[in-house]
Ligand SMILES: C[S@@+](CC[C@H](N)C(=O)[O-])C[C@H]1O[C@@H](n2cnc3c(N)ncnc32)[C@H](O)[C@@H]1O
């Protein structure tokens with residue numbers, strides 16, 4: 001029973017409920033247990049499914065147990081996993097889910113708990129789950145149906161309208177895609193496709209970035225190409241900020257918020273050390289830069305990457321004014337655009353976080369602005385879709401920095417700015433990729 005995927009899912013969910021990150025926790029369980037691919041898929045599906053649908057599952061369980069929060073964590077997670085499988089996984093018969101859940105209750109708890117779990121799940125099967133459509137408050141109904149905090153739904157409706165909000169909410173509970181970027185320094189798209197297919201992967205072109213491929217069937221991190229530094233794992237939308245930068249091989253570039261280095265590496269691949277090309281990669285602490293260095297080494301670009309533990313707001317005495325040809329600020333943000341891949345974000349973040357982060361973003365922009373050469377371009381990006389951290393920050397910055405002007409961001413991209421906007425906004429439902437904001441500012 002130790003390697004049973006449902007038991008491991010319940011244990012993993014209990015840890016996540018105590019604050020652990022789902023992706024890290026899952027990787028640890030997969031590495032420490034000898035499981036078949038099929039069992040790994042089932043466990044991963046249950047864990048992500050329960051985290052993704054937590055508010056919906058809470059609503060369902062409440063119809064059978066008044067205060068689910070008083071239950072031991074593992075019992076609550078066991079009941080959520082069972083209800084998740086009954087409601088969302090068509091292929092598993094209720095009887096099998098019931099038996100497996102009772103066995104887990106037997107293994108982890110005493111006879112009383114086993115009886116209670118059996119009673120609740122029998123009632124769920126016999127009476128059926130309550131109807132979400134009967135919730136009268138519309139925001140609450142959407143919050144329970146899609147399992148997203150009410151404040152996020154209110155912000156989305158206010159900023160994007162009801163239709164776009166529903167479309168985004170529909171998309172964020174779909175499985176996320178696996179996308180890779182190939183290292184154009186050492187290979188090309190066609191060779192990478194051929195090699196991945198021969199390793200047993202399914203491969204598709206990305207509609208978001210020229211340098212990306214969508215890969216399925218197994219983890220791209222296990223491929224030979226990954227080990228050889230010919231590909232890296234990066235969401236297609238996350239490639240847009242650097243795709244838009246029009247880098248020259250001799251550029252001196254600042255990547256002000258760089259860890260774990262996805263975009264630093266993408267910049268570095270386009271630089272030539274012999275021509276003086278280099279990228280300074282900052283992040284708050286040395287510990288966060290370890291991954292940047294590891295990634296730079298694996299991808300064969302460490303010669304042009306200079307890491308530095310530095311709060312970008314304190315750059316002033318470290319570099320002369322007008323030092324950099326180009327600057328990227330891939331800012332710390334609430335990450336609301338990532339809620340498909342990192343489902344915890346939808347419950348953890350609060351509107352006060354968004355307001356606090358907007359201040360930090362503006363402070364970083366303010367601090368580094370003077371370090372850009374005249375005629376140079378500053379690219380600002382976030383993986384959130386809320387205006388407070390995107391267009392509002394940029395408007396605030398421009399109101400205090402008349403030496404900067406907005407450029408059209410899409411010139412170098414295969415996707416376009418929307419309507420009359422100069423910045424690029426990608427929403428999670430546009431391509432089923434991460435949500436992103438990218439904006440280019442030229443110093444006159
Ligand atoms: C969105 S992540 C960057 C992702 C990275 N650019 C990539 O592509 O892999 C934001 C980063 O900013 C860092 N950060 C937060 N505040 C900062 C500050 N004041 N100065 C420099 N880095 C900061 C965080 O530690 C985090 O690693």
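Here the Cβ of each residue, glycine as well, is placed from N, Cα and C on the backbone.
According to TrEMBL, the features are:
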DOMAIN    168-444  domain 'SAM-dependent MTase RsmB/NOP-type'
BINDING   257, 258, 259, 260, 261, 262, 263, 283, 311, 330  S-adenosyl-L-methionine binding site
ACT_SITE  383  active site, nucleophile
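Every protein chain considered, the tally of other Cβ atoms within 10 Å of the Cβ of residue 261 (S-adenosyl-L-methionine binding site) stands at 27. Cα of residue 261 (S-adenosyl-L-methionine binding site) to Cα of the residue listed as 'active site, nucleophile': a span of 15 Å. Separating the Cα atoms of residue 257 (S-adenosyl-L-methionine binding site) and residue 383 (active site, nucleophile) is a whole-number distance of 13 Å. Taking the domain 'SAM-dependent MTase RsmB/NOP-type' (168-444) as a whole, pLDDT averages 96 in the prediction. Residues 257, 258, 259, 260, 261, 262, 263, 283, 311, 330 are recorded as binding S-adenosyl-L-methionine; their most distant pair of Cα atoms lies 19 Å apart. A Cα-Cα distance of 14 Å separates residue 383 (active site, nucleophile) from residue 259 (S-adenosyl-L-methionine binding site). Sorted by the number of other CB atoms within 10 A, the recorded positions 257, 259, 263, 311, 383 start with 311, the lowest. Under the three-state DSSP scheme, residue 259 (S-adenosyl-L-methionine binding site) falls in the coil class.
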